[in-house]
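Chemist: Following this message is one structure expressed as structure tokens.
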Number of protein chains: 2
Amino acid sequence: MKYRTVFPILLLLLSSASPVAAKSAIPAEPVQPIVPHKVTDPARVELGKKLWFEPRLSRSGFISCNSCHNLSMGGSDNIKTSIGDKWQQGGINSPTVLNSSLNFVQFWDGRAKDLKEQAHGPIANPVEMAFSHSLAVDTLQSIPEYVAEFRKVFRTDRLTIDEITLAIAAFEETLVTPNARFDKWLRGDRKAIDAQELRGYQLFKSAGCVACHSGTNLGGTSFQKMGLVAPYKTGNPSEGRAAVTGKDADRFSFKVPTLRNVALTYPYFHDGEAATLTEAVDVMGRLQLGRTFTAEENADIVAFLHTLTGDQPRLVLPILPASRDNTPRPKPFE
Amino acid sequence: MKYRTVFPILLLLLSSASPVAAKSAIPAEPVQPIVPHKVTDPARVELGKKLWFEPRLSRSGFISCNSCHNLSMGGSDNIKTSIGDKWQQGGINSPTVLNSSLNFVQFWDGRAKDLKEQAHGPIANPVEMAFSHSLAVDTLQSIPEYVAEFRKVFRTDRLTIDEITLAIAAFEETLVTPNARFDKWLRGDRKAIDAQELRGYQLFKSAGCVACHSGTNLGGTSFQKMGLVAPYKTGNPSEGRAAVTGKDADRFSFKVPTLRNVALTYPYFHDGEAATLTEAVDVMGRLQLGRTFTAEENADIVAFLHTLTGDQPRLVLPILPASRDNTPRPKPFE
């Protein structure tokens, strides 16, 4: 019964497609190119950019969003786990902010449903920025230039943490990285990647990496257990998704990270214990796929992964408005 | 004998000056406007900019020049004394990098003769970036994009700390802030500052502030004792110039800081103990000039000081080249 309905429609679609369109159509690949972000509210994005670089959202006045998601370094900090207030060691590797809008949930354990909810976390986390939402609000509310910007963007004179995180999220949505060589290849430029890189992609598909690392973000669309075929040994105490669901079955289940810009976002895994792509590919092969890649296979996949580096955000560093005499002062050493 | 020679020349000069030129001439003021910096070697500046934002010049991989001389915040960190490696507390307030090329020497105690020599300090200072010059060199030398840039700029394949600090200094030289409202007034735009600001400037001159805070940078041209008329009480152990000269007479003698962008570079003094301009002006009046400014006088001077904020550097955030597998890894927690 069902096929009778579908079949004529398919035939109709095929017959209406011109030969030219059929020829230039993108082949069905499990990875899709990034579409550049269109800014609909530039004032909101500009405010969010200031807040992104704003160390006065931390207790110390020293740590901003950009400290651990450094936009000069692939939106990450390139250390195993981050440095927080008073040099406390973070519990988990800072994921890149680049293309994070393409993830289905935020944080390694998916505890935030979107970027806005995510932005609530670090400001008040005692191991990270160690501030409080109310102090963050008081700080910004004491600075007339911020008050004017929030009024312009949100039409309110009394800002709250929600407007702060909405603005940060709006800025983060702009941080996509289109035009990776691999995306050019996906769009039909056969010369955009070389023979080794193509071999790497074919192996990436045939070996099964693509089962989790697919879609526009090559990841960020599911949770998966770290150590699926063989157990992953780590000193890192993170439990993954189980910390959210309370289910034992979710232990060591983490959000599959994006592979976009992965050549820039070392070290790898939730504990940052893989220093190089070579090491990461080897561990993934053995523990997730039950396959030991040869040195040549590994090198091919690594070569492919290097084609995923896209255009990095081109940002003019914001000038932050000065504190006023009544602005709460940072407390770096108290 | 001497006057006989000079006088005819003076008369000659006066007679040759046209009435128009005489009318538009800048009146003789003890402060001169900033001349915008002309870049002669853009590749060197661009390399220096990367190094300025480069946390891999620190042991932790977390601290860059910009951490304590934040170009979003007046080239300073807006805390009393800086946060260094492992959250160590710096000994002295981070001076602004803005217009630092106009200072006669660098550091509060003048121990570096120029910006290049200054840049040697923080990288290897165990309380600051806590790295070593040789590790800094090894790190950059392992990254092909850096090697190529150093080759292009310095025509050498073996970079040393000297090329690193030369590039950083070249970038810092661009960080001047022209077009302050006060500079516009100096150039003849009588409406650039208002009546209160002008009163403040006149008091700034007549009260004697200008004795030290003069020239293009309103400071940065001499050492002066902190607590000239009455002793300055502080818990900060910095000895000032005496640490360089070994002379007891130089105790508490510090380089007079620039007042350019002073509204952005709070808190004030070498110990950062003055939180506001009002407080700083009050202390300076009493301890350096033996004069207690009335609230109105203080407000006038503070209003004048706000006219010294110039155009802040407009910088595109650099994208730093990725570490390679053989690049030394940061050690934030060891």
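Along the chain as shown, residues are numbered 1 onward.
Here the Cβ of each residue, glycine as well, is placed from N, Cα and C on the backbone.
Pasting the relevant annotations from TrEMBL:
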type	residues	note
SIGNAL	B:1-22	signal peptide
DOMAIN	B:43-151	domain 'Cytochrome c'
BINDING	B:Cys65, B:Cys68, B:His69	heme c 1 binding site
DOMAIN	B:195-309	domain 'Cytochrome c'
BINDING	B:Cys209, B:Cys212, B:His213, B:Met284	heme c 2 binding site
Chemist: What does DSSP call B:Cys68 (heme c 1 binding site) in the simple three-state scheme?
Modeler: helix
Chemist: Between B:Cys212 (heme c 2 binding site) and B:His69 (heme c 1 binding site), what is the CA-CA distance rounded to a whole number of Å?
Modeler: 24
Chemist: How big is the gap, in Å, between the Cα of B:Cys65 (heme c 1 binding site) and that of B:Cys209 (heme c 2 binding site), rounded to a whole number?
Modeler: 31
Chemist: Return only the integer: C-alpha distance in Å from B:His213 (heme c 2 binding site) to B:His69 (heme c 1 binding site).
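Modeler: Answer for this pair: 22 Å between alpha carbons.
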Chemist: Cα-Cα, whole number of Å: B:Cys68 (heme c 1 binding site) versus B:Met284 (heme c 2 binding site)?
Modeler: 25
Chemist: Pull the DSSP breakdown for the domain 'Cytochrome c' (B:195-309) and write it out as helix, strand, coil residue counts.
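Modeler: The breakdown for the domain 'Cytochrome c' (B:195-309) reads 46 helix, 9 strand, 60 coil.
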Chemist: Taking the Cα atoms as reference points, how far is B:Cys209 (heme c 2 binding site) from B:His69 (heme c 1 binding site) in Å?
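Modeler: Between the Cα atoms of B:Cys209 (heme c 2 binding site) and B:His69 (heme c 1 binding site), the distance comes to 26 Å.
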Chemist: Per DSSP, how many helix, strand and coil residues does the domain 'Cytochrome c' (B:43-151) have?
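Modeler: The composition, in the requested order, is 50 helix, 6 strand, 53 coil.
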